[in-house]
Amino acid sequence: MGCGTSKVLPEPPKDVQLDLVKKVEPFSGTKSDVYKHFITEVDSVGPLKGGFPAASQGANPSPGTPRTSHTEPPSEPPRRARVAKYRAKFDPRVTAKYDIKALIGRGSFSRVVRVEHRATRQPYAIKMIETKYREGREVCESELRVLRRVRHANIIQLVEVFETQERVYMVMELATGGELFDRIIAKGSFTERDATRVLQMVLDGVRYLHALGITHRDLKPENLLYYHPGTDSKIIITDFGLASARKKGDDCLMKTTCGTPEYIAPEVLVRKPYTNSVDMWALGVIAYILLSGTMPFEDDNRTRLYRQILRGKYSYSGEPWPSVSNLAKDFIDRLLTVDPGARMTALQALRHPWVVSMAASSSMKNLHRSISQNLLKRASSRCQSTKSAQSTRSSRSTRSNKSRRVRERELRELNLRYQQQYNG
């Protein structure tokens, strides 16, 4: 979520949602699109992950910025001057309640800012979506449809919503602990026990979503954030821009082609109706990366990548796989199953012997060196510059960028070849 050209948008389900979040009615005052010049003035802040439900502290937002006078002194830091400019461009109801601190992410029709509640001084993230654009409106509707229903420790929480005729402001929790793999690289130690603890939190969140009839459809490491920098931080699932929400008892089959290539399930590639088992396939890919620092399916050529996924062919060769338990490999195998009906559900995955036994284990082999080396090696091979490749922050390159999102035309061609091969 966050970029109109990066994903195929989901179909809006026809169901009745339970609104648990405060909604502020549209502002009736005079409107002017003062935001249209905003992008060019805040150009030094990098984009925020694949979507913007939560913000990592890694975006380096500026510290609490005091109010600036109308005339900026020549020595005023550029970042502070920019903050002063875009702070005034938010709806007055938002700025009356929240102090805008820094821009921490942006997409083609959305911006995310770090804010502080004026009364409590509690930090939050506000996502502003331009709903005057069709893509922004559809993504906003999809995300709100989910976030207004969910209350779970491992899912990003929506606090309140402000609406105008052309924009929606979503106030959310602010995740400051960083991305999953950044934490692994920085930690210095990572065992199968650590992996199962991460997966337990993610699986519990996914189990909750599936019980509500919600399918995420874009689970990947960059959408899994640590809530705070502490060692006891929980993992939260973010980015529900492609999620599908069906009321209980409704038709559970989905047809929209969407997702990120390396994590997309085979049944989506061949454009068959699918269920929430696509989330479990993605979790299998995540588990594989979590234990090795490498991808089970990877190729710069999309067609070859999709063929690998359709065959379900991957291997456990290279480090650190010889040191990984057979139970862990069995866990992955039961998720990376081409037949969606044979895949484990979230509840079954939580009850898998590996998750149950390793989570209670007191000592396991440290896999950190191999995992971090593999993550950084892959990052280096995909970075545009040597400098970024050598940086620890370059581990963010393990994510799939906009140019590697699923394209409908490619899947139509792939599906045609699939039908010719297997049906004719």
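Heads up, the Cβ atoms here are built off N, Cα and C, so glycines get one too.
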Fill in the blank from the handout: Out of K97, K127, Swiss-Prot lists as part of the ATP site with I104, G105, R106, G107, S108, F109, S110, R111, V112 the residue K127
Exercise for the section: Would you mind pulling the DSSP three-state label for S380 (phosphoserine)? Expected result: helix
Handout entry: Averaged pLDDT score, the domain 'Protein kinase' (98-355)
Key = 92
Handout entry: DSSP-derived class (H/G/I helix, E/B strand, else coil) of D218 (active site, proton acceptor)
Key = coil
